[in-house]
């Protein structure tokens, strides 16, 4: 298997992927919003390797934003049904929904900027919250480009990265650092959520 994974074979796969057309690249990133097991990281890399940094980034960005917003609208539309009411009553989900209702789009923006965030969870929480549709669409537009551009940059320089051990190591270290920063911010946000909700609870008791 490893013998087959040569630079030439990878480039052949990229060329075949490119033959499927740019709309296929948009469709895959769109689909990932509904099927989170799809490897978004690999899809973004493939788009950038096939179409270059700018177009690869644009295709991935459009597909991801469109898919996330469509999923959000579906949750907003069907959120009144029993299944979603049960989800809404789960402790962690309820906590996040309350925090979004209090803080608005800021926590959603931060969560969507974080690497390896389960976007389907964020979209679900947003759909079940009271955030306005236009605000969530704006949040998706401005939060998604950051991480997608970083991954697209790696994909656009794929051959150099794979053929240069130094660049490969640096890329791996950068990904690990981004992941570590994301986990740290996620931990801080969790603490912030608990603190804010405790303060709100105290204020309600005093009324």
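One is the number of the first residue shown, and numbering goes on along the chain from there.
Keep in mind that glycine also has a Cβ here, set from the backbone N, Cα and C atoms.
Transmembrane segment is the annotation TrEMBL gives to one range among 168-185, 186-203, and that range is 168-185. Looking at 53-75, 76-98, the range annotated in TrEMBL as transmembrane segment turns out to be 53-75.
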